[in-house]
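What TrEMBL says about this one:
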type	residues	note
DOMAIN	59-501	domain 'Cation/H+ exchanger transmembrane'
REGION	612-636	region 'Disordered'
SIGNAL	1-23	signal peptide
TRANSMEM	47-66	transmembrane segment
TRANSMEM	78-95	transmembrane segment
TRANSMEM	155-172	transmembrane segment
TRANSMEM	184-206	transmembrane segment
TRANSMEM	226-244	transmembrane segment
TRANSMEM	297-319	transmembrane segment
TRANSMEM	331-364	transmembrane segment
TRANSMEM	411-430	transmembrane segment
TRANSMEM	450-467	transmembrane segment
TRANSMEM	479-501	transmembrane segment
């Protein structure tokens, strides 16, 4: 028999068993409560996401109605913002979540708000993360609901912005873009910097006045004013360009606006990053220091150059050979394109710049290697993603006006911001247009300049840059003011595009594929010389790209064996694919149109000229292989308007009626 336990130990053992069983029951109860809370949170998150899906659905249906009724005073983006505003009002003032009985509010005096908090509850540690400051006087559950419909700013940069920026580069009409490349670069780079500093200086004057009259509730430095100038200098005339595309407005005006908006987004984001990186030596981090300015300038050049090189490199490397499997080919193309943005951000560069030039490079090289099915799929895929992401952002803007918890609205700052962006846009467009017209053969007319001034809308990029950091008083005021600027420019300037075009007598109905611009027609339908329109660096680049890069990276254009020197014959044969020989002399895109005049379409590597007269006879004139590029280009430019190059052969077709009518069959028998 075993030994009996002492009597004095029995109460202790009973208490231990009771405590153990009670601890197990408490743990099980906690697990049940946790599962229920997780399930409830899942349902709430699904309902919040459903709100955004319904917003997009309602926007699409209304867009169809507007297109059916030919309504042009309100664009789809402005419509999405209105729907977002309505939903934001309902969520903010119409829905109140009842207070949960399980919530416990405890007071604790700390000097800072930790990002992560470990709480010891009966010997079990729980981790809590910081979600933000609770608005005084409001219900905690209401704040939690509004906080859940407010997305993390990184969602915009990593998920929503890449397809928008990539689509801008991938769908770029390169022929008209490169025809105006000098003016576009001037507006995008020099104009954005001018606009940034003009806005920054004007806002610094308003901020100083606000500080004097006691209307400033926190710190606001000159670097903050420059940062505000950088983010609101990013134009997004999506409304205007959509109307331009629908009405077929002058192709040069469209190219100037579209090219500027595409590139100045990239310039604005790098410029804002350089301003944030400004750190002078000493205790005062906002004082002026020449070395710190030069360092910020170096950061701007380095980040932009690195992002550009990374985007071009990944765009060149992502050509595929999965032509037999279009689905896999499209999937790989999509993933490699998106990874360019993330790779640039991970390397410390700017993903917006990288993915923009990746899209332009892939449209120039990779697109030619895709199968016909993949070419159609990629165009439609990125067009769809761009449409959904853009409308989602604009609808979210309207919602954020009421769901954001830390708005700071200041009337003086808002008035100063509107004055500053107007003067900054004017300082960008008018002086640069005057300087550009000194060397442009096709002048930028005053009516074009007024439309470009009016079309300086702010949109997705400005919003994304302003919402990325709202921790300080200055950034919160910038974000609230930026929202109002976006609303005003999209609704007022976007809605006034049609009256503006009519008032400025801008011609519409111009075919984007025709080579005669309406502005040239108004000047007397004169032929613009390509040698004077295209700068010599671009002519040299086109020669190198056409003779070496295109044959190496794509299957279009002449094979390397026809363009490289004879001494490099073995290397040329090794680098030339069999498909390149099959497609020899074929032109797969409109790259040759970059440097051709407005009334002439021909190929730089057309090996044979076939002249056909009215009687049907033809003359074949082969072009010597050893003809220098400049002589060949001059020969191309000297051809009459009837020359057309198709698949490596120039067809010289008679455009005028012959002097004598052709002999009919009856006349021959007579």
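A Cβ is built for glycine as well, from the same backbone N, Cα and C atoms used for every other residue.
What TrEMBL says about a protein is an automatic prediction, not a curated fact.
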Checklist entry - Excluding the flanking five residues on each side, which residues at least 6 beyond the ends of the transmembrane segment (479-501) place their CB within less than 8 Å of a CB in that stretch? => result 72-75, 77-78, 81, 231-232, 237, 239-240, 243, 247, 249, 394, 397, 400-401, 404, 407-410, 413-414, 417-418, 421, 450-451, 454-459, 462-463, 466-467, 470, 508
Item to check | Result, the transmembrane segment (450-467) in contact with the transmembrane segment (226-244) (3+ CB pairs under 8 Å) | outcome: yes
Checklist entry - When you scan the chain for residues with a C-beta under 8 Å from the transmembrane segment (450-467), skipping those not six or more beyond its ends, what do you find? => result 77, 153, 156-157, 160-161, 164, 230-232, 234-240, 253, 256-257, 260, 265, 268-269, 272, 352, 390, 393-394, 397, 400, 421, 425-426, 428-430, 433, 475, 478-479, 482-483, 485-486, 489-490, 493-494, 496-497, 500-501, 504, 506
